[in-house]
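Per TrEMBL, the features are:
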TRANSMEM  A:12-31  transmembrane segment
TRANSMEM  A:74-99  transmembrane segment
DOMAIN    A:75-266  domain 'ABC transmembrane type-1'
TRANSMEM  A:111-134  transmembrane segment
TRANSMEM  A:146-164  transmembrane segment
TRANSMEM  A:185-210  transmembrane segment
TRANSMEM  A:244-266  transmembrane segment
Amino acid sequence: MKTMENRRLALLYTMLALPAFIWLVPTLWMVSLSLQPNALLARTTSNTFWGLIPYPLTLDNYLNLLAHGQVHVWFFNSLVVALGMTIGVLVLSTTAGYAFARLNFVGKKTLLVLVLLGLMIPEQAVFIPLYTLFSELGWHNSHHGLIIPRLAVPIGVFIMIQFFRGVTRDVEEAARIDGANTFQIFWHVMLPLARPAMMTVAILTFLYAWNDYLWPLVSAQRTEHFTITLGLASLQSNFAQSEGLGSVMASGVIASLPVVALFLIFQRYVVRAVAVGGSKG
Amino acid sequence: MFEQFKTDLRWAGVRQNLVAWVFLLPFVFVYVAFLIYPFCRGVWISLHDWNLLAVTFNPDAKTFIGLDNYLRLFWGTEMTWRAWARPVLQGLCVLAALFCVWRYRTGELRWSTLWQCLMALLLLMFFFGWAPGEGGRWFDRRFWPTVGNTVFFVAMVVPAITLISLLLATALNRETRGAAFLRTLFFLSQVLSVTVVTLIWQMMFSARQGLLANVVREFGGVPLSWLAEPGFAMAAIVIATVWWSIGIAMVLFLAGLQDIPQEMQEAAKLDRANSVQAFWYIILPNLKRTITLVVILQIILHFQVFGQAHLMTQGGPNDQTQVLVRYIYQTAFRDSDLGIASAMAVFLFVIMSVFSAVQFMVSREDEQ
């Protein structure tokens with residue numbers, strides 16, 4: 001019986017080898033190309049084993065990116081925008097989520113419905129009016145101009161409401177009997193409990209911020225204000241002027257490093273965040 | 001004394017409200033100012049003849065034109081109605097109607113749901129009947145073809161992703177190291193940004209330097225310039241998209257599979273059911289809800305396609321990969337016609353809301 005089971009598993013993995021290979025090759029190729037000399041790539045991209053093995057190997061592409069070009073500026077912009085957005089969303093979604101889940105106030109139900117309806121408004125439906133609004137405010141070409149629009153999306157609030165509703169009231173009551181006020185309860189009792197949910201919100205927001213393309217494309221017009229995602233797009237559209245295929249691929253690898261690292265370290269949270277984010281807007 | 005108590009109580013209520021609003025205010029302010037207000041403003045812009053550059057220099061350079069922008073998108077001259085103006089699309093509607101009736105007959109659809117579906121399909125059939133008659137033309141020749149391309153893209157991507165991720169999820173729903181590794185591998189591309197994905201696949205498909213071309217050349221074939229070839233450009237975008245985004249669907253299916261009672265699968269094993277039978281008779285029926293939700297979710301998600309078409313093919317060749325969001329972007333920021341672009345954005349929103357409403361209804365039924 002055991003060997004039967006093993007044989008079935010072996011058969012399964014053999015069948016999965018081909019799709020796994022297909023899914024792996026494109027990424028592998030990008031990394032491999034980024035490690036080959038530009039001069040070689042100008043001649044051929046299939047040097048060793050269709051270019052999948054980086055031989056001759058060089059780190060010049062990466063060193064060049066660090067030495068000049070704007071990739072490090074874009075990387076820094078992305079980092080500031082993604083971290084700023086993450087912190088902002090965390091603050092707004094925990095406070096509002098707590099209020100909706102646990103506090104009483106007039107018109108709570110109506111307001112909750114109004115907020116959840118916002119989940120139905122896609123970014124593409126508001127980016128034009130946001131553009132005119134931010135023009136009037138003079139907020140284009142800035143970090144906060146890229147951060148603020150996402151702070152208004154209620155997905156984080158939605159996740160936090162779900163979480164806070166699940167916390168038993170006993171903890172809160174106990175703290176209240178000990179004389180803690182609402183703010184102390186929120187800060188000292190609820191937030192420490194909410195760490196897993198906050199992690200989900202944070203990762204969801206960071207991934208979104210890092211990978212967002214449409215709004216930065218509209219809002220950041222000067223290259224020194226590009227995010228890495230946007231900068232990479234600009235490199236693609238003028239391949240000819242760029243320093244070479246290897247360098248472009250190296251930028252692609254650098255642009256992916258933070259999100260891939262995040263994914264590999266916090267896989268469980270990332271998977272949940274992406275699933276929640278995908279299913280609720 | 002009693003009066004005093006009542007005042008105290010009222011003060012407690014006011015205090016409670018005040019505290020709640022301290023918590024709520026930051027988010028509600030941002031929400032109203034940067035989502036609700038812009039959305040309303042978008043609808044307002046769509047009712048104007050609004051040139052981006054003109055209005056930037058002179059705020060009064062816009063004129064209110066009512067629903068003219070919508071008319072300019074949806075309508076044409078000499079519009080006539082014929083029963084079978086678009087046989088393919090209308091035929092699909094008839095098939096869908098028959099499918100609904102069949103589902104009703106097998107008892108899987110309620111009478112009210114059947115009724116709603118049939119009315120919607122009838123309405124769709126009626127709309128498809130309109131076309132510019134002799135000597136007439138659409139006011140905007142590109143709008144409906146662009147919508148068509150977007151729908152075509154969705155119709156290719158969604159079934160492919162659903163099928164592949166369902167099979168993968170079923171195969172990888174086990175607690176071995178190998179399965180965990182493969183799950184990671186198949187999910188990995190999902191966290192990449194659209195610009196990285198298009199960078200990779202633009203190179204993959206390149207006729208001069210692409211990996212596919214290199215392999216084809218090795219075997220003596222003539223490589224194809226996928227992204228510039230009519231008929232292949234859309235396929236290339238679809239392939240890149242499927243590669244990019246099976247992750248979400250796979251994760252949702254894995255979650256759904258976890259909910260299937262273990263006893264059922266054990267029972268199937270005892271009955272000597274093979275994997276295909278187990279998949280067909282146990283897994284599929286139990287995953288029906290999840291499949292419906294994943295499909296709707298994917299429709300909403302991929303209807304917003306932009307980056308792939310914008311970066312890989314620039315909408316070409318011959319507008320074949322021009323999609324709705326790219327058309328909105330171009331109309332607004334290349335042609336500076338914010339009025340029309342906003343009308344299209346409202347149109348996009350309406351379509352998305354329809355699917356969101358369906359999603360809401362399905363997940364509500366789920367809870368009952």
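Every residue, even glycine, has its Cβ placed from backbone N, Cα and C.
Curation does not apply to TrEMBL; its annotations are automatic.
When each of A:12-31, A:111-134, A:244-266 is checked for Cβ pairs under 8 Å to the transmembrane segment (A:185-210), A:244-266 comes out on top. If you look at the transmembrane segment (A:12-31), the same-chain residues 6 or more away from its ends with a CB under 8 A from one of its CBs are 51-52, 54, 249, 252-253. Sequence-distant neighbours of the transmembrane segment (A:111-134) (same chain, 6+ residues past either end, Cβ-Cβ under 8 Å): 96, 100, 140, 145, 149, 152-155, 157-158, 161, 214-215, 218-219, 280-281.
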